[in-house]
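The structure appears below as structure tokens.
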Amino acid sequence: MLDKMRNIGIMAHIDAGKTTTTERILFYTGKIHKIGEIDDGQATMDWMAQEQDRGITIQSAATTTYWKNFQINIIDTPGHVDFTAEVERSLRVLDGAVAVLCAVGGVQPQTETVWHQADRYKVPRICFVNKMDRIGADFFAVLKDVHEKFGVEVMPVQIPIGASDSFEGVIDLIAMKEIHWDAATEGEKYEYTAIAQERLALAEEWREKMLDTISSASDEITELILEGKDVPEELIKKEIRKAVLNQSYIPFLCGSARKNIGVQPLIDAVVDFLPAPNEVLPAEAFNPKKEEKLSVPCKAEGAPLGLVFKIQYDKDAGSLCYVRMYSGKIKSGDQVFNTGKKKRERVNRILRMHSNKSEQMDSVQAGDIAVFIGLKISQTGDTLGSEGQPLLLESMQFPEPVISVSVEPKSLSESDRLKEVLEILSKEDPTFTSREDSETGQLIISGMGELHIDVLTRRMLDDFKVEARVGNPQVTYRESITTEKTQTEKYSKQLGGKDNEAELTLTVRPLERGSGNRFVSKVKTFQKSGSGGTNALPEDLLEAVKRSIEGCFSSGIKVGYPCTDIEVELVSVKYNELTATPFAYEAAAAKCFDDACSAAAPVLLEPVMAVDIMSPKEFVGDAMSQITQRGGLISSMDSKASTDIVHAQAPMAKMFGFSTDLRSATQGRASFTMSFSHFEIKR
């Protein structure tokens, strides 16, 4: 059964045609009976009201479909840079991906981002060059672009027949046939025909290149070529599949999803070339009991092991937990063990999702993706398994939020509801956070960009019907230190007639930018009943110190912004069994941290953004001056046929309103993407 399953993602730059391609896949595999278009807000995978309004994909919708006895789980991911977290968590659980590229734009900035994310998770992929019917479409230029940008071997298994207005089909280099689609049946009917004489020389040239690439890793094909024999189609497919799994080269297909050309061969390629769940590298897990790493093969007979990769709120069912199963089997009604949180939870129901519709399942097993209902404490990145064999899968890393707005309820009665909704939204989206400002008492929400914040506040106001006022966007700064400092703190207070005492020494030191925070301890732990000896604490007191320091990281040093790139080392403690309490150690640690950091030359860090501007050549000078006026530094430029791409870095604080200014400076012809790059000391 596993070899008949594919878990794939559709990934690309915004507007390359991912959702349209997915719609066509669902239509031709019989999952939907009418093609929905993004432009008229009818796309099946874009089911949120805002997605239909904006014509972009925000959340990664999951759906299951079937093709030639194969089950294909498809995740359609957003291309907009503000929703990178959605792409990240999808790629984490996929076995293969289809990279959709625009035949005109080629490799665009967000293509690079998702490509590198896929590289990080070692996801095998195939490429589909879409929009071959557009003016300026150039399949061969896209091949060159991918090869140069990513340094990968590219190998077309098809070439287009014509381009732009004259695009009419593709030549299949494996079967050496032309494929033409019937427009009257919305491309459902298509036929293979002999290659026209005027196109034969080009087809033979590219087939020879394809066989050269394949034969470099296949003695069998080399032998057949040397003997002048025909190379069977099945052997070619087998060798391509092997190479895709090893990521030796990337097969390229082409078409126009909107014009219903080229989609069925793409689905064939998913089945023929992308891996089954048991063909990718086994999942790496950690056994916290034995403190050892191990590989978990994907098989239904093993102990149950799954990863929660997404949480979605449903007003009737509560939390929908999207789970990828790596081993074993979980049935409806089973108890599962959340390894990280060390808690048991019951799976009330299991669902197979189709965008925002669902069907009930009795069980889910290794390799599959499903939705669990009934889990109360599980969050994105949590591992579910069995208590007898606790294993932890590697969690997911998400970027830090860089932009904030204040929200306040319109009435006191809305206050609790607002907090409840913010908790739901931050559980759904790990790059969205909310906190209370310690000085003003205001609620501050933070996200990845203006669009991200706009989408979330609209969900809060429209979907959850919360009555609240939303402030103007502000930059989310960070605090850090620049020198090392050691500090000792004694705490002594009588509370309720009982002495509370603690004494500890902390060293704080700066870390490299981008390292995050960490807490380390030289202090040993012992059981309460044992004797501590020197420089040792009971486990609950050491936990209290750690908890206190983590709280300090969130609340900042001078201004109240979260800290970053600080290491705190617990150097030594004094322990008196009669007066030591968790409260005393928490208070001592917090005061010690504040004093040490205040003396360690604290600094304010601001987020710096990577900005990519796509501009027609005649406006590129105006576009560049817009970014330099904002204190931006131009790092490099790429030139394409009629477009230049400017790569720059600029402080987030100066980028508000950039979209409007860029549009007016370039008569609305330039566009840009912006993503977080790094924090640096505020200029």
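Quick reminder: no glycine exception, Cβ is built from N, Cα and C everywhere.
According to Swiss-Prot, the feature domain 'tr-type G' maps to 3-278. If you look up Swiss-Prot, you'll see 12-19, 76-80, 130-133 marked as GTP binding site.
Feature annotations (Swiss-Prot) mapped to structure.
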| residue | record | DSSP class |
| --- | --- | --- |
| A12 | GTP binding site | coil |
| K18 | GTP binding site | helix |
| T77 | GTP binding site | coil |
| M132 | GTP binding site | coil |
In all the protein chains shown, the tally of other Cβ atoms within 10 Å of the Cβ of K18 (GTP binding site) is 28
